[in-house]
Amino acid sequence: MSSKNGVVRSCLGSMDDIKKVFQRFDKNGDGKISVDELKEVIRALSPTASPEETVTMMKQFDLDGNGFIDLDEFVALFQIGIGGGGNNRNDVSDLKEAFELYDLDGNGRISAKELHSVMKNLGEKCSVQDCKKMISKVDIDGDGCVNFDEFKKMMSNGGGA
């Protein structure tokens, strides 16, 4: 699994929110996420992800090579791996993959209900109304949803509106 969720990053927004997500997945409270704990993170974000993708992600974001993802590495995962947009083909492919993660019904648009569902899976407590507000910040065409072009633009602006 490559870059996955700039929408989550922009919705979480603050370091405190990212810490809460980290703590939710750090089941044993040791301040680091193991491979098994990472599997749960990935399952919440992408139920169809393969075990190989978990291993790849661990290698990519375990910056100090100790076999765990600590809070700093988790933040990097959100800032670089999950939220990073760009111009090369892999980045566009990664963005498309991230977009599809939220587009649960596959209609090419992320609705407030879809965003709410993903946020809920991540343990975030936000209402559908909160998600509508988040979407309205990047909804250029005013249809109440985020299409892929709006998603790309949001990500090229650093994950926020």
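In case you wondered, yes, glycine gets a Cβ from its N, Cα and C as well.
Summarised by DSSP class, the composition of the domain 'EF-hand 1' (13-48) is 22 helix, 2 strand, 12 coil. What Swiss-Prot records for 13-48 is domain 'EF-hand 1'.
Taken from Swiss-Prot, the feature Ca(2+) 1 binding site applies to Asp26, Asn28, Asp30, Lys32, Glu37. The 10 Å shell around the Cβ of Asp30 (Ca(2+) 1 binding site) contains 11 further Cβ atoms across the protein chains shown.
Residues or ranges marked as domain 'EF-hand 2' by Swiss-Prot: 49-84.
Under the heading Ca(2+) 2 binding site, Swiss-Prot lists Asp62, Asp64, Asn66, Glu73, citing sequence analysis as support. Sequence-distant neighbours of Glu73 (Ca(2+) 2 binding site) (same chain, 6+ residues apart, CB-CB distance under 8 A): Phe61, Asp62, Leu63, Asp64.
Residues annotated as domain 'EF-hand 3' in Swiss-Prot, with sequence analysis given as evidence: 90-125.
Residues or ranges marked as Ca(2+) 3 binding site by Swiss-Prot on the basis of sequence analysis: Asp103, Asp105, Asn107, Arg109, Glu114. Non-local contacts of Asn107 (Ca(2+) 3 binding site) by the CB criterion (under 8 A, 6+ apart in sequence, same chain) are absent.
What Swiss-Prot records for 126-161 is domain 'EF-hand 4'.
Asp143 (Ca(2+) 4 binding site) falls within neither a helix nor a strand when secondary structure is assigned with DSSP, and so counts as coil. Look at Swiss-Prot and you will find Asp139, Asp141, Asp143, Cys145, Glu150 tagged as Ca(2+) 4 binding site.
In this structure, the binding-site residues Asp105, Glu114, Glu150 were compared by how many other Cβ atoms lie within 10 Å of their Cβ, and the smallest count belongs to Asp105. The DSSP breakdown of the domain 'EF-hand 3' (90-125), given as helix, strand and coil counts, is 23 helix, 2 strand, 11 coil. Near Asp141 (Ca(2+) 4 binding site), with the C-alpha within 10 Å of its C-alpha, lie none of the binding-site residues Asp26, Asn28, Glu37, Asn66.
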